[in-house]
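Look at TrEMBL and you will find A:Glu45, A:Ile462, A:His516 tagged as Mg(2+) binding site. The annotation Ni(2+) binding site is assigned in TrEMBL to A:Cys64, A:Cys67, A:Cys510. The Fe cation binding site annotation in TrEMBL covers A:Cys67, A:Cys513.
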Amino acid sequence: MPSAVQTLDISPVGRVEGDLDVRVNIQDGVVVDAWTQAELFRGFEIILRDKDPQAGLVVTPRACGICGASHLTCAAWALDTAWQTEVPRNAILARNLGQLVESLQSLPRHHYGLFMIDYTHKNYSSSKYYKEAVRRYAPFTGANYEIGVTISGKPVEIYALLGGQWPHSSYMVPGGVMCAPTLTDVTRAWSILEYFRREWMEKIWLGCSLERYEQIKSYDDFMAWLDETPHHANSDLGMFWRMSIDCGMDKYGQGHGRFVSWGYLPHEDKYQKPTIEGRNAAVIMKSGVYDGRSDTFKLMDQNFTREDTAHAWYDEPGGLHPFDRKTVPTQKNAVDMGGKYSWATAVCHDESGRLEAGPLSRQLIAGGKHGESWQHYDPLVLDMYKKLGGASVMLRHFARMHEGVKLYRQAEHALREFRLNDPWYIKPNERDGRGWGATEAIRGALCHWIDVKDGKIKNYQIIAPTTWNVGPRAADGTRGPMEQALIGSPIKDPSDPVEVGHVCRSYDSCLVCTVHAHDAKTGEELARFRTA
Amino acid sequence: MTNLLWLQGGACSGNTMSFLNAEEPSACDLVTDFGINVLWHPSLGLELGENLKKLLNALTSGQMPLDIFVFEGTVVNAPNGTGEWNRFAGRPMKDWVTDLAKVAGYTVAIGDCATYGGIPATAPNPSESQGLQFLKRQQGGYLGTSYRSKAGLPVINIPGCPAHPDWITQIVVAVATGRGAELSLDEFQRPKTFFTSFTQTGCTRNMHFAYKVSATEYGQRKGCLFYDLGCRGPMTHSPCNRILWNRQSSKTRAGMPCMGCTEPEFPFFELAPGTVFKTQTLMGVPKDLPSGVDKAGYVKLTAAAKAASPAWAEEDIFVV
Ligand code: SF4
Ligand code: SF4
């Protein structure tokens, strides 16, 4: 006879995406149902209404201080398409570089500051890697924790050379960028990149050169690399992989098995006259929807985006395209798991349904043969996905970290391609119109829709990666991607379900969890603890 | 040991991200070198092994001393003063703020949102956001005009969108090393040590300002951003050009106009159409003049400056 269901309310899991709370039902040591709730509403879309068309450049980076550069690129490209600007190649490179270094910043910060801390949890004290994990990853004092957290500030020094500061510069503007870097800015940026590579990427993260790592094209290559030398096995990547397998992180966190990416990094020669329709064919990292069940790829088109509000705290009809939304918040936001329970909407693809966004999605789509022949192709994560039997906590985090080398190379490319005497900005004519800007923030698909009328913003809508991932159920009852991924997670100790934290954190749900476990039958508190 | 608790209300985490860029001291140094005991922080505070709510209750009941209470983000009052649009650990965040501010030795507001309301409080302020002790220029804010922490100080405001990591860490170190009493605050409760000089102090475009040579468009390697592009450097109290950002630069050095984010009015003109990155003028004279300069003085100064302007001022000075 199955045992009774226990309900755990987790508040908060993290707040970067807007105060994330999670409820899980546990039965026989396994999560059988889950609800994700966003618990903060600031109403940026409402603030932007009737404002200066360029207000998005100031306001939207403040939607998230972790991926502000990604918001800024979306805001700038959205106005570029609305105003029909011309963007000089230097500016495309400078925008890409800003976003790249922000993403590079995020890798060690997330890995050490947020993710690996979980591996020092007492749940894993019987693992043969445990002692070493504590030595490396203990908060504040762990040898690699301190290095990782401190060095994460380096890449964004390059952002400051372009925009004056990170976070929250608005240096990307329709028609280009505000800066005009000099030779010393470029050489200084090179040195910062080199420092980051030498001191962290190669020495600590990979235990080998970038060039050696770049030879890995398949799961078998990766496993061979792992065993090749003790440097590889004992690097932080080697350690992450081996301990993840040892602790079973490859066994849960699956999700819907359907993925989305807007693609990113507009090509400096192919997107100088940006349009909504022309973007897919102009980005270096291609867009796509990957259906893991049928193993098929197609391009992503913004026309298919829908927001379902059946379980979200908005008094609006469901199933609208963002251009048609009004953002009407519910006044009384009572939590009703059968009804409305989140400020996130359930984002859907009109044909493909609920999709997961994030680095794993990007890397799976990078393995597709769709898109343009010159666009980026990388089969590694797709191969792992197939051989390891789908998504997991481990693979999701691996995909995030795997991008580092590629982002690094693209940053080098931008620095190499700057032509210091060419223009950085072409003054546009302001006009009315609709615009759309998209990118991939480090944690996934991000886009802005803008409608400019009579010289002011008529409607501004943002869909962040977290909206895709932590959205509540859709009208038809389909769970959000993270809700789905929580199903099947083994809970070793129901009074201390650290596994819930692993799943959320593999989505880059950034922050520490505090978990309250209640017995669903008696309502008695079982335990209070944190999962980090 | 100095107990520090850091919470976020209506925030974007930008101040946390900025804080993590700190060096001398780094976030880790604060713990290891200065004995800061980070009881909890949304992304760092982990090593207690206790649960957050129990911890918060221990603090609010006085069982455990709270030396420094750091708040990032606005106090969300919506809907209708209930604060339910920003719940945290099972209750409105604003209720935690009320209880924690009562027991805190020092209460520190970090970033514009916590000081003045910032971007979320921009009209129509859908989240009914307030800063801890101000709403824009108006004193009072969420905690009220008369609020004093246990050390006898009002909320220490460290504005900026975000605040610079040094502005944060130096204040924390000052308190941890027993120099809290030496903090002197200006009319907006900002530490004078940072917020007496102007953004313009140390700006590499200052000579262009003096000769009234304007950067008329972005992407130019010369010119001051005040005359056409809306730079607020001469009217903004901040050390952005003395204590550089990310150890490298500042907005105005890189070519981006200062938006005045350390002042209560940020974002200026509430982002009304025609005001973003454009200098507001009245019959050819900027509406907002450098602090302390009157209109007649400004007109005389510019005439003289233009006449005296050397030829090099029109050249590409921050050379390729
Ligand atoms: S750019 Fe701004 S801060 Fe610099 S001199 Fe001009 S007005 Fe002052
Ligand atoms: S330069 Fe101005 S807008 Fe930029 S951080 Fe400093 S005070 Fe804020």
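In case you wondered, yes, glycine gets a Cβ from its N, Cα and C as well.
TrEMBL feature annotations superimposed on the structure.
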{"residue": "A:Glu45", "record": "Mg(2+) binding site", "DSSP class": "helix"}
{"residue": "A:Cys64", "record": "Ni(2+) binding site", "DSSP class": "coil"}
{"residue": "A:Ile462", "record": "Mg(2+) binding site", "DSSP class": "strand"}
CB contacts for A:Cys64 (Ni(2+) binding site) [other CB atoms within 10 A, all chains]: 27
Distant-in-sequence Cβ neighbours of A:Glu45 (Mg(2+) binding site), under 8 Å, six or more positions away: A:Arg325, A:Thr327, A:Asn459, A:Tyr460, A:Gln461, A:Ile462
List of residues, in chain order, with Cβ under 8 A from that of A:Cys67 (Ni(2+) binding site) and at least 6 apart: A:Glu102, A:Ser106, A:Ala441, A:Ile442, A:Arg443, A:Leu446
A:Ile462 (Mg(2+) binding site), number of other Cβ atoms within 10 Å: 24
Short-range binding-site residues relative to chain B, from A:Glu45, A:Cys64, A:Cys67, A:Ile462, with Cβ separation under 8 Å: A:Cys64
